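TrEMBL has this to say about the protein:
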| type | residues | note |
| --- | --- | --- |
| DOMAIN | 18-317 | domain 'Amidohydrolase-related' |
| BINDING | His20, His22, Lys106, Asp254 | Zn(2+) 1 binding site |
| BINDING | His22, Leu23, Arg24, Asn48, His143, Leu226, His258, Ala270 | substrate binding site |
| BINDING | Lys106, His143, His181 | Zn(2+) 2 binding site |
| MOD_RES | Lys106 | N6-carboxylysine |
| ACT_SITE | Asp254 | active site |
Amino acid sequence: MTAPQTPPDRLTIRRPDDWHVHLRDGAMLAAVAPATARQFARAIVMPNLVPPVTDVAAAAAYRSRILAALPGGADFTPLMTCYLTDATDADEVRRGYAEGVFAACKLYPAHATTNSAHGVTSIAHIAPVLEAMQAVGMPLLIHGEVTDPAIDIFDREAVFVERVLTPLLADFPALKIVLEHITTQEAAAIVLANPERLGATVTPQHLLINRNALFAGGLRPHAYCLPVAKRERHRIAVRRAATSGARNIFLGTDSAPHVVEAKQSGCGCAGIFSALTALELYAGVFDEDGALDRFEAFASENGARFYGLPLNAGTVTLERGALAVPEMLAAGDSGVVPFRAGETLGWRMVG
Ligand SMILES: NC(=O)N[C@@H](CC(=O)O)C(=O)O
Ligand SMILES: [Zn+2]
Ligand SMILES: [Zn+2]
C-alpha cells in the first residue's frame, strides 16, 4: 500500500466549462454573465427565457446579447440550447445544429420548473425531433422530474427515472442524453449504469446540502431550487458518483439567479445563484472527499468529451485560502443573493 498523499494547497487545471447555467436576459444577464465568463471557458446556456428560446433565430439573437454583456477581452463561448415544445420542428433543430447555433436541445416536462409552461406534455409529441437528434449525435438535456401532482415532490426525480427515462433510453438506443442536476440515488445509479450515452450534471448545492437546509431555523428561500434537495442518503449517493471519477458525470452549476424580491416572497421562485464562486464550491467538495485528483476530469474534461467538443486550452488556478461570499450581487434596480452568502469558503480562484 502506498501512503496517502497530502492534499495540495494549490491546484492548476485545464480551463473548465459549466454544462448547465441560466444567464437570463436584460439587467440580470448584465449582472451575472461576467461571473460565469470569469470562471468558465464555455457554458451550456439554458433557454427558459420569457418567451423561451425555441428557434434558431432566437438562439442566435440571445447569443449576441450574451456576448454583448461580457467585459471587453472576455474569452467565453456561450453554447446555445433549443427549448423543446410539443410543436418543435425537427428540421429547425437539425438546421440549428448544422449551423453551429444549437449545441443541444432541452426537455422541460411542462410545468416542472421555472418558465417551463411551454414544455413538453408527452415524449410522443417530440419523437420526430428525438429521431433527428439521434441521427446527428445531438445531446438531449433533461429536467428529470414528473409533474403528476399525485407524486410527492421529493419522489419526482426517481419516478421520472423509472417512468420516462428508462423507456426513453430503450426507445432511442443511440440518443445521447444528459440528466441535468441529479439529486437522488436512483438518478446516480442509472447514470453510472449507462456510461456511454447517458451523462449527468451535478450542481454545487446538491453536493453540499440536504433537505434540512430548506428549514434550518426557519424557511430558507435561498436553499430552494428544483429538483428540491433530498434526504442525506441521496446527497451522499450523488456526491460519491460525482467524485468517483466516472467519465459521464460533469460540472453543471444550474446557477439560476432570481432577484431577491422574487425569492423572499410568499411564493418564492426556485433557483440558486452560484456563479460567483462555483469553482471554489466544487473544489471544496472534492478536497473534503480526498478526490482533488479527479476534479479536473469532472470540471474540464468529461463534459467536453460527452458533447464531442474539444478540450479547452489554458488553465485556471485555485488556492487554499479564505474566500468571503458576498451578501448580494447588484442586478438592475435589485439584487441577487448568492449561495452561501456571507459565509467563507476554503478555496479561491487566483488565476
Ligand atoms: N433549478 C431551478 O430551481 N430553477 C431554474 C430552472 C431549472 O433548472 O429547473 C431556473 O430557471 O430558475
Ligand atoms: Zn431544471
Ligand atoms: Zn437549470
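A Cβ is built for glycine as well, from the same backbone N, Cα and C atoms used for every other residue.
In TrEMBL, annotation is done automatically, which means it is predicted and not curated.
Mapped onto this structure are the features recorded in TrEMBL.
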residue: His20; record: Zn(2+) 1 binding site; Cβ neighbours (10 Å): 26
residue: Leu23; record: substrate binding site; Cβ neighbours (10 Å): 27
residue: Arg24; record: substrate binding site; Cβ neighbours (10 Å): 26
residue: Asn48; record: substrate binding site; Cβ neighbours (10 Å): 22
residue: Lys106; record: Zn(2+) 1 binding site; Cβ neighbours (10 Å): 27
residue: His143; record: substrate binding site; Cβ neighbours (10 Å): 24
residue: His181; record: Zn(2+) 2 binding site; Cβ neighbours (10 Å): 27
residue: Leu226; record: substrate binding site; Cβ neighbours (10 Å): 22
residue: Asp254; record: Zn(2+) 1 binding site; Cβ neighbours (10 Å): 27
residue: His258; record: substrate binding site; Cβ neighbours (10 Å): 27
Environment of Lys106, His143, His181, the listed Zn(2+) 2 site - residues of the same chain whose CB lies within 8 A of the CB centroid: His20, Met46, Leu107, Tyr108, Thr113, Leu141, Ile142, Gly144, Glu180, Asp254
Ligand 3: which of the binding-site residues Arg24, Asn48, Asp254, His258, Ala270 have a Cβ closer than 6 angstroms to it? Asp254
Should Asp254 (Zn(2+) 1 binding site) be counted as helix, strand, or coil on the basis of DSSP? coil
Note: among binding-site residues His22, Ala270, least Cβ-dense neighbourhood at 10 Å is Ala270
Between the C-alpha atoms of Asn48 (substrate binding site) and His22 (Zn(2+) 1 binding site), the distance in angstrom, to the nearest integer, is 8
Roughly how many angstrom lie between the C-alpha atoms of Leu226 (substrate binding site) and His181 (Zn(2+) 2 binding site)? 9
Which of these binding-site residues (His22, Arg24, His143, His258) have a C-beta closer than 6 Å to some atom of ligand 2? His143
